[in-house]
Structures are given as C-alpha cells and as structure tokens.
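Copied over from TrEMBL:
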type	residues	note
DOMAIN	4-79	domain 'KRAB'
DOMAIN	67-102	domain 'C2H2-type'
DOMAIN	103-130	domain 'C2H2-type'
DOMAIN	131-158	domain 'C2H2-type'
DOMAIN	159-186	domain 'C2H2-type'
DOMAIN	187-214	domain 'C2H2-type'
DOMAIN	215-242	domain 'C2H2-type'
DOMAIN	243-270	domain 'C2H2-type'
DOMAIN	271-298	domain 'C2H2-type'
DOMAIN	299-326	domain 'C2H2-type'
DOMAIN	327-354	domain 'C2H2-type'
Amino acid sequence: MNLITYDDVHVNFTQEEWALLDPSHKNLYKDVMVETYRNLTAIGYIWEEHTSEDHFQTSRSHGRHERSCSAEQPSEFIHCGKAFANESGSQRHQIKHTGEKQHDCNQCGKAFKRRSDLQIHKRTHTGEKPYECKQCGKAFSQSSHLRIHKRTHTGEKPYECKQCGKAFAQSSHLQIHKRTHTGEKPYECKQCGKAFAHSSHLHIHERTHTGEKPYECKQCGKGFARSGDLQKHKQTHTGEKPYECKQCGKAFSRKSVLQIHKRTHTGEKPYECKQCGKAFAQSSHLRIHKRAHTGLKPYECKQCGKAFAGSSGLQCHKRSHTGETPYECNQGGKPFEGSSGLEYNNRTQTAEKPYECNLCAKVLQEGVTFKEKRPYRRETL
C-alpha cells in the first residue's frame with residue numbers, strides 16, 4: 001500500500017497566476033488532475049489527507065473560477081492568498097486559519113470544524129463501528145483506523161525512520177520514535193517536572209502522584225496504574241509460565257523475564273554505570289546502583305523514617321516491625337525475613353559454595369566474605 005498526499009501531485013496556482021492562463025490551459029489542468037487522481041487510486045495509492053470528494057472538488061475549482069470571473073470575482077482569503085470560485089468554499093477554508101468550530105455535539109457539547117468530524121465523533125456515544133476487518137472481524141468507527149489495522153495482518157510498515165531504518169505502521173508512531181534520536185520530551189509533569197516523549201507515558205506517571213489505579217483484578221481486587229501490569233499480575237492466579245529457558249528448563253510468565261534470566265547463563269551485563277564502570281544484567285539494578293553515588297533513598301519507612309535506595313529493601317525492612325518471616329527453611333523449619341537469609345541458610349545445609357576466588361581457587365559460601373577476601377589476597381601476593 002502506497003501513501004500519497006494531494007500536495008504531492010497538484011500545482012497550487014495563486015489568483016494572479018491563474019488569471020494569466022488561457023481557457024484551454026485551465027481546462028487541461030482540471031482534466032489532468034482528475035485523471036491523475038483516478039489513475040493513482042486505481043493502482044493502489046491511498047490518499048492520506050483528503051477524501052475523493054475533496055480531490056475532485058479542488059481539481060474543478062479553477063473551472064468554476066473561470067465561469068464566475070466574468071460576473072463576480074472569486075473570494076480570496078487574506079491569510080494565504082488562496083482563491084475560491086464561491087463564498088462557501090472560502091468560508092470552509094477560513095476555518096483552517098481561524099480554528100472556528102461550528103459543529104457542536106448535542107450529547108457532550110464538543111465542537112468540530114467539519115460536519116464529517118462530528119459524525120465520526122457521534123459514534124463514540126452510539127458505539128457504532130461500521131468498518132469491519134474481513135480477515136478477523138474487528139470493527140472500527142473510522143475507515144482510517146481500519147486501514148491502519150489491516151497492516152497488522154499484512155505486516156506493512158510504510159513509515160520508515162531515515163536515521164536508523166526502523167519502520168512503523170502508523171505515521172504517529174514514527175513521530176514518537178524520532179524523539180529517541182532527538183531526545184525531545186515535550187510532555188512534562190506539572191507536579192514534579194519529569195518529562196516524557198509520549199503523552200500516554202505522562203498520564204501513567206501522573207498516577208504515581210494521584211495514587212489512581214484504574215485497572216483492577218477481578219479475581220483479588222488488586223489495582224494497577226497500567227493495564228500491562230494487570231495482565232502480568234493475572235498470571236500469578238493462573239500460574240501460567242509459557243516462556244521456558246532451553247538451557248536449564250526454568251519457566252517464566254513473561255518473555256522479558258526470560259530474556260533477563262538468560263543472562264545468568266551468558267554472563268551478559270549490558271547496563272554499565274558511567275560513573276564507576278560496574279555493570280548489571282538488569283536496567284532496574286543499574287538504576288538502584290546509581291543511588292549509591294547520588295545518595296538518593298526515595299523509599300522511606302512510614303513507621304520509623306528509615307530510607308532505602310530500593311523498594312525491595314524497604315519491604316524487607318518492614319518485616320522487622322511486623323515480625324513477618326515469609327521465608328522458611330524446608331529442612332529445619334527456621335524462618336527468615338528475607339530471601340537472601342534463606343539462601344545462605346540452605347547453603348549451610350547443602351555445603352554449597354558458589355563463590356570462587358579467581359586468585360587462589362578457594363570457594364566460599366557467603367558473597368560478603370568473598371568480597372572481603374579479594375583485596376586481602378591481592379595484598380599478600
């Protein structure tokens with residue numbers, strides 16, 4: 001599917017230029033434009049900005065101008081100098097400059113520049129979706145939305161980024177993508193000043209201030225700020241884990257978690273701290289690590305005021321107040337507040353020693369002991 005705008009093929013005459021043309025040239029221009037539109041439509045081109053009526057109307061407007069100029073002069077709009085054969089055409093065009101919205105919705109009061117836009121809007125109230133996909137049956141309120149949807153079946157992505165070559169099915173998605181190159185973030189939170197490249201990301205962020213959680217789990221009532229988080233949560237009820245690691249057989253509920261897990265096998269750590277060079281397998285771990293440099297501790301205990309760099313640290317700390325010990329040793333029944341304490345306990349039961357010194361090949365059970373040992377070994381060499 002090829003996309004084209006009317007401006008790609010037409011010649012936009014000023015009133016003075018049009019007056020210099022012979023009648024035969026004017027008729028020729030009209031006929032050529034009508035034929036061009038029909039030919040391009042016949043071979044599969046899609047007109048992005050106008051309907052077929054718009055194209056024929058514009059192509060014939062110069063002919064009407066010639067017929068009326070002997071009786072009355074065309075109405076010329078002072079903002080851009082574009083001429084029209086009648087006053088109604090000029091008035092419709094002026095709306096583009098003035099922003100005037102003459103067509104009001106009787107149901108909600110929202111106003112629109114064009115009657116056709118009002119008709120489309122009314123479908124949001126009636127629920128009417130007259131444009132149906134013949135391939136999957138999904139219906140849409142606008143023909144343009146159906147046209148974009150069809151690309152999910154064909155795989156067509158006509159909008160390509162000139163900078164990196166990535167292609168998109170919608171022009172709006174390309175515009176948003178371009179901001180990853182320019183760094184532009186036009187949507188700013190009025191409460192904290194944080195900026196975003198996409199308006200939807202700002203809306204989601206604003207819920208961190210308002211506490212709004214519009215997506216609720218019907219099974220347990222838990223609410224979420226994002227629909228994606230709700231979908232992930234639902235898998236905790238179903239227990240579904242469709243993503244399996246081919247190397248060790250461990251399964252995960254999300255593909256992204258599987259990708260992170262694979263790094264435990266490959267040792268890949270793509271997220272590096274620019275300040276100290278330390279690398280991490282997960283972006284969230286790097287984000288928390290950076291707080292060691294800045295001293296930022298955004299997670300504060302409401303009971304005692306102690307602050308933490310990560311939310312997991314706060315959750316573990318809260319158990320010191322509640323006495324909760326959710327981690328229990330299967331072998332001895334000993335309870336623990338944190339998973340790390342349970343893991344160390346399990347190693348004492350199994351004699352597992354996962355930390356090996358590269359300098360002397362000695363193995364240790366506890367990571368902290370290993371970190372303390374390494375500088376000592378360097379000093380004694």
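Backbone N, Cα and C define each Cβ position, glycine as well.
When averaged over the domain 'C2H2-type' (271-298), pLDDT in the model lands at 89. Taking H, G and I as helix, E and B as strand and the rest as coil, DSSP gives the domain 'C2H2-type' (271-298) the counts 12 helix, 4 strand, 12 coil. With DSSP classes pooled into helix, strand and coil, the tally for the domain 'C2H2-type' (187-214) is 12 helix, 4 strand, 12 coil. Taking H, G and I as helix, E and B as strand and the rest as coil, DSSP gives the domain 'C2H2-type' (131-158) the counts 12 helix, 4 strand, 12 coil.
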